[in-house]
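Per TrEMBL, these features apply:
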- A12, S13, S14, G15, R16, T259, Q304, G403: ATP binding site (BINDING)
- A80, H237, D238, T239, N296: substrate binding site (BINDING)
- C354-C371: disulfide bond (DISULFID)
- 6-232: domain 'Carbohydrate kinase FGGY N-terminal' (DOMAIN)
- 254-440: domain 'Carbohydrate kinase FGGY C-terminal' (DOMAIN)
Amino acid sequence: MNKCSLAVDIGASSGRLIAGYIQGGQLKLTEIHRFDNKIIKKNNHFCWDLEVLFLEIKKGIHQCFRHGFQPESIGIDTWAVDFVLLDENDALLTDAVAYRDPRTDGMMEEVIKIVSKERLYLETGIQFQKFNTIYQLYYLQKNRPELIRKAKSFLMIPDYLNYLLTGRKVNEYTNATTTQLVNAFTKNWDTELLDQLGLNKEMFQEIQPPKSVLGNLREDLIDEFGFDMKVLLPPTHDTGSAVVAVPELEDTIYISSGTWSLIGAENHFPICVTKALDYNFTNEGGFEYRFRFLKNIMGLWMIQEVKRNYDDHYSFAELARLANQETSFDSKINVDEDRFLKPDHMIQEIQRYCEQTEQDVPETPGQVAKCVFDSLAVSYREAIHQIEEIYEREFKTINVIGGGAQNELLNQLIADMTNKQVAAGPVEATSIGNIASQLITLGEIDGLNEARKMIKDSFKMKRYSSQNKLEGFTWQ
Ligand SMILES: Nc1ncnc2c1ncn2[C@@H]1O[C@H](COP(=O)(O)OP(=O)(O)O)[C@@H](O)[C@H]1O
Ligand SMILES: C[C@H](O)[C@H](O)[C@@H](O)C(=O)COP(=O)(O)O
Ligand SMILES: [Mg+2]
């Protein structure tokens, strides 16, 4: 059996287990298992099905031998902000309610009456998204105070999956920062903020950074799998792992393009200036305490919902191809309006927006898809201008990573609309960053710079430059 490090990357639309190992100085990947992820309705809330997700993780681990691997280590990363609470017997007190659930409507506005936006931002550096953990917990404090009182453990989604594997309970740093409850300077829970909101401080676990060794598998799982492995902490916020895999950051803005589009840069310090607050940028914790200065843009969630509205009749590749044929259709929407966060019917919501703004209403799948891709590219372009205004410099390259790097039309639109070089890939950046972090922890790679050099040498990127010679052309 060959040894490997196993990345479990679970995004909002899909999960995958990928084996990573070094061969001939390059990082090699073998996909072991892939599965869908989706929001379900449970007890009148939108939730994640953690039971199914853990079964998929175990199914993937069982399949390693079939691919000739016995993993030496495993690391889990998922989407941000969501969590579960456990009681004194480590039983689940709550469902894993999803960030798209409307329960947080109005909660952010109530919290900033208690703690000002400026104080929250200056201390945590985290963007104001209505679904941040702080607002989810405030909802529970107001509406289910008995749950907050009974809670002995607060575990974010990857923390809980790690607990199921090892029996150990910790909060991993990069994902903990997305709660908007971690102080960007102390790198620890902001206990003054927790007190101001009346939240139960005792339920929060010790924060541990990436490269921590959580432990080994529970005995019953060793018996089930027939082998043990080290459970390591990569950046368990998926975007934190993805940014590890961006090969060159010097002159680059990344777009982690999946269900969400996370667009930003990497720093060694948080940027909490007023302009960053006004433009709603965030300073999420990164590998080795770097900061991911980025903004959430609605992302390919919109085309996922369009695809679902068409009963999955079209693949993502077909929707991009159909959009590419609609060259004259140019209606655009503001993708970042809350109305697109979880509409009942995405296509109808897009059509309503175009009617209300007196634009041509998209009717064909190609027109709907082109409207989404054009509008995303416009939103990316605005965010890039805001980043360059805050950094007071220009960036030469945009590196699109994640599943969206496969969308050639969108990559070209980004190049055309920004007049910058676009490098697309690696598609599985999140898993690659997760694996690289594990290999650094195991001493198989010396450090982050060496990892990024190896990633650059191991994975080809597709490059796009502007085809638009429309001098002085200004996009709406
Ligand atoms: N062949 C393809 N052509 C164009 N876009 C694609 C293709 N395959 C996947 N995508 C895009 O990638 C997205 C999924 O990216 P991924 O990083 O896996 O998302 P997440 O991690 O959020 O689940 C899909 O929503 C789709 O828009
Ligand atoms: C809700 C968060 O902003 C979201 O999880 C984002 O941080 C993220 O990581 C999304 O990852 P996907 O792979 O689901 O796009
Ligand atoms: Mg993802």
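Backbone N, Cα and C atoms are what each Cβ position is placed from, and that goes for glycine too.
Burial estimate for the binding-site residues (R16, H237): highest at H237, by number of other CB atoms within 10 Å. Within the set of binding-site residues A12, S14, D238, T239, N296, G403, D238 have a CB atom less than 6 Å from some atom of ligand 3. Sitting within 8 Å of the Cβ centre of A80, H237, D238, T239, N296, and not among those site residues for substrate, are the Cβ atoms of W79, N175, T178, G240, S256, W260, L262, E284. Only S13, S14, of the binding-site residues S13, S14, A80, place a Cβ under 6 Å from an atom of ligand 1. By neighbour count, meaning other C-beta atoms within 10 Å, the densest spot among the recorded positions A12, C354 is A12.
When the recorded positions S14, T239, T259, N296, C354 are checked against ligand 2, T239, T259, N296 have a Cβ within less than 6 Å of one of its atoms. Cβ neighbours of G15 (ATP binding site) (same chain, under 8 Å, six or more residues apart in sequence): V8, D9, R34, F35, D36, N37, L53, E56, I57.
Counting Cβ atoms from all protein chains shown, S14 (ATP binding site) has 16 others lying within 10 Å of its own Cβ. Proximity of G403 (ATP binding site) to non-local residues of its own chain (separation of 6 or more, Cβ distance below 8 Å) is seen for G11, S14, S257, G258, L300, V427, given in sequence order.
Its Cβ placed at the centre, T259 (ATP binding site) has 20 other Cβ atoms within 10 Å. The Cβ of A80 (substrate binding site) has 29 neighbouring Cβ atoms from other residues within 10 Å, across all protein chains displayed. Note: S13 (ATP binding site) has non-local neighbours D36, N37, K38, G258, T259, W301, Q304, i.e. same-chain residues 6+ apart with C-beta under 8 A of its own C-beta.
Nearest in space to C371 (disulfide bond), taking C-alpha to C-alpha distance over the binding-site residues A12, A80, H237, T239, is A12. Largest Cα to Cα distance within the recorded ATP binders A12, S13, S14, G15, R16, T259, Q304, G403: about 18 Å as a whole number.
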